[in-house]
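Enquirer: Quick one: this structure, given as structure tokens, is what I'll be asking you about.
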There are 2 protein chains.
Amino acid sequence: MKIELADSYGFCFGVKRAIRIAENTKDSATYGELIHNAEEIKRLKEHFNVKTLNTMQDLENENSIIIRTHGITKKDLDTFKSQNKKIIDATCPFVSKPQNIVEKMSKEGYDIVIFGDKNHPEVKGIMSYALKNVFVILSTDELIDKKISNKVAVVSQTTKKVEEFAKIVSYLITRSKEVRVFNTICNATLENQKAVEKLAKKADVMIIIGGKNSSNTKQLYLISKQICSDSYHIENESELKKKWFKGKNLCGISAGASTPDWIIKNVSNKIKELS
Amino acid sequence: MKIELADSYGFCFGVKRAIRIAENTKDSATYGELIHNAEEIKRLKEHFNVKTLNTMQDLENENSIIIRTHGITKKDLDTFKSQNKKIIDATCPFVSKPQNIVEKMSKEGYDIVIFGDKNHPEVKGIMSYALKNVFVILSTDELIDKKISNKVAVVSQTTKKVEEFAKIVSYLITRSKEVRVFNTICNATLENQKAVEKLAKKADVMIIIGGKNSSNTKQLYLISKQICSDSYHIENESELKKKWFKGKNLCGISAGASTPDWIIKNVSNKIKELS
């Protein structure tokens, strides 16, 4: 039986990249969690001695600092630079992009609007690149009593829904003469969904890996099940059953956004044994 | 029956300016109608010998050319310049603005989207300033099968509704990474629209005065008709019918941006006679 992985699955591009960087930077430390996955952070600590430290003080004695996927503030980055530390940037390129846009647009005199949660580390990083006049909002209500310039640049937290972003933009064009919109929403989740749909069309059996309480994994499973009735949602290889693969020609695999590659590999190896 | 005028109606800044220019430029000619109002154009011809000519050939023997409020194409303007004619520009500054924006953005490599009617003289003029890749649309359906660049600049015909413009923008941000939105909708239009909406809510019958080919008058009529079913679009008092006012308590009046005050007065007087 042939095994095929979906064109897009599991950890997104930025997370995969960050883990690869961390694995290649032994005996280092990250400022805050590299990614939002405790198992994976534990693995990086045990196998590569990549520590997770949460304050600037804790990091004082570290020589190599890995910047987490969500990025950090410009001020903290500048502090690390001034301390002559070795900085390894694992900021997701989709997060660096709004940081760079905000810095450039702010320099060009645009007011900045960020659609996002001001308490999220990603947004804290992005907003720190504005020189002045930055509004971080989740709804247009937060702008009603604010004075906004006639030139506004707008970006979004990478994980927001585009329909909500459009509402912010629609409001802004009634307030400002020029609204420069940068769609910085990352469509990794959407890509995983599209890929599972494509794979389920040609596979005889589909294995979707991820936490049973993971919303995006459940979405992937439902999409797969609608197309390929022999679809199964598992958390790890121990749940696999030999009978699922009997007489099948092609087994498709996908995984939720919080599923590390090593779990996927374990599942894939076990399927090979069983089929 | 009571008659009430909308809080804001009739001649806008650009039209008033154009008429003042025409009155000060006797024995000249306009290329196409100076404003969309036949009665006013007739007055300018009779009192100031300002002719309305419709082809480049007709204009060949004219020395002084007044550019109409809606503007003309860049090509036609360049032709007049090459013929060393005296050019008096009565293009509304709110129309010159999207022309300039389209030229600048096009030079900077942006694809251009114009929300407007491609047969309207204003839009023909604006689109002529794009170097390449210009899409003139009234709805997003017209863009579905089109290849659009990742950098798009959007302007609107000055007389469009901002809610419809927002729909175009909302669609574009799902297609392009950067959407540079210039809200070129004229405030005067918006003021007239808001005022007609307010008046239509309390009136039993609404009379909207303006050229049948006037885009902004048609918009006023549509807004009024949605609220007050007894709404009528007329060009002058000769079209009024006695039966429209029978049993009505309040007649609301509004007028498009190219409707002169003297026509509005004639209409108002005739309504008094009929009711």
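The backbone N, Cα and C atoms fix where each Cβ goes, and this holds for glycine too.
Automated prediction, rather than curation, is the source of TrEMBL annotations.
Straight from TrEMBL, here's the annotation block:
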- B:Glu122: active site, proton donor (ACT_SITE)
- B:Cys12, B:Cys92, B:Cys186: [4Fe-4S] cluster binding site (BINDING)
- B:His36, B:His70, B:His120, B:Thr158, B:Ser214, B:Ser215, B:Asn216, B:Ser258: (2E)-4-hydroxy-3-methylbut-2-enyl diphosphate binding site (BINDING)
- B:His36, B:His70, B:His120, B:Ser214, B:Ser215, B:Asn216, B:Ser258: dimethylallyl diphosphate binding site (BINDING)
- B:His36, B:His70, B:His120, B:Ser214, B:Ser215, B:Asn216, B:Ser258: isopentenyl diphosphate binding site (BINDING)
Enquirer: Pop the Cα-Cα gap between B:Cys186 ([4Fe-4S] cluster binding site) and B:Ser214 ((2E)-4-hydroxy-3-methylbut-2-enyl diphosphate binding site) into the table, whole Å please.
Expert: 15
Enquirer: Using Cα coordinates, what distance in whole Å links B:Ser215 ((2E)-4-hydroxy-3-methylbut-2-enyl diphosphate binding site) and the residue listed as 'active site, proton donor'?
Expert: 10
Enquirer: Using Cα coordinates, what distance in whole Å links B:Ser258 ((2E)-4-hydroxy-3-methylbut-2-enyl diphosphate binding site) and B:Cys12 ([4Fe-4S] cluster binding site)?
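Expert: Cα to Cα, B:Ser258 ((2E)-4-hydroxy-3-methylbut-2-enyl diphosphate binding site) and B:Cys12 ([4Fe-4S] cluster binding site) are separated by 7 Å.
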Enquirer: Could you measure between B:Cys12 ([4Fe-4S] cluster binding site) and B:His36 ((2E)-4-hydroxy-3-methylbut-2-enyl diphosphate binding site) for me? Cα positions, answer in whole angstrom.
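Expert: About 12 Å separates the two Cα atoms.
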Enquirer: Quick one: of B:His70, B:His120, B:Asn216, which binding-site residues lie within 10 angstroms of B:Cys92 ([4Fe-4S] cluster binding site), measuring between C-alpha atoms? Sequence order, please.
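Expert: Of everything listed, what lies within 10 Å of B:Cys92 ([4Fe-4S] cluster binding site) (Cα to Cα) is B:His70.
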Enquirer: When you tally the Cβ atoms that lie within 10 Å of each candidate's Cβ, which of the binding-site residues (B:His70, B:His120) has the highest tally?
Expert: B:His70
Enquirer: Using the centroid of the Cβ atoms of B:His36, B:His70, B:His120, B:Thr158, B:Ser214, B:Ser215, B:Asn216, B:Ser258 as reference, list every other same-chain residue with Cβ within 8 Å of it (recorded (2E)-4-hydroxy-3-methylbut-2-enyl diphosphate site), in sequence order.
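Expert: These residues sit around the (2E)-4-hydroxy-3-methylbut-2-enyl diphosphate site: B:Thr69, B:Glu122, B:Thr159, B:Gly211, B:Asn213, B:Thr217, B:Gly256, B:Ala257.
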Enquirer: Which one is it, among the binding-site residues B:His36, B:His70, B:Thr158, B:Cys186, B:Asn216, that lies nearest to the residue listed as 'active site, proton donor' by Cα separation?
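Expert: Checking each of B:His36, B:His70, B:Thr158, B:Cys186, B:Asn216 against the residue listed as 'active site, proton donor', the shortest Cα distance is to B:His70.
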Enquirer: Please list residues from the chain of B:Cys186 ([4Fe-4S] cluster binding site) whose Cβ is under 8 angstroms from its Cβ, counting only those at least six apart in sequence.
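Expert: Once residues fewer than 6 apart are set aside, B:Cys186 ([4Fe-4S] cluster binding site) is near B:Cys12, B:Gly14, B:Cys92, B:Phe94, B:Thr158, B:Thr159.
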Enquirer: By Cβ count within 10 Å, point out the most packed of the binding-site residues listed: B:Ser214, B:Ser215, B:Ser258.
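Expert: Its Cβ has the most other Cβ atoms within 10 Å: B:Ser258.
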Enquirer: Going along the chain, which residues six or more apart from B:His36 ((2E)-4-hydroxy-3-methylbut-2-enyl diphosphate binding site) have their CB under 8 A from its CB?
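Expert: When sequence neighbours closer than 6 are ignored, B:His36 ((2E)-4-hydroxy-3-methylbut-2-enyl diphosphate binding site) has B:His70, B:Gly210, B:Gly211, B:Asn213, B:Ser214, B:Ser215, B:Thr217, B:Gly256, B:Ser258 within Cβ distance under 8 Å.
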Enquirer: Determine which residues of this chain, when B:Cys12, B:Cys92, B:Cys186 are set aside, have a Cβ within 8 Å of the centroid of the [4Fe-4S] cluster site's Cβ atoms, and list them as they appear in the sequence.
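Expert: The answer, listed by sequence position, is B:Phe13, B:Gly14, B:Val15, B:Thr69, B:Pro93, B:Phe94, B:Val95, B:Thr158, B:Ala188, B:Thr189, B:Ala257.
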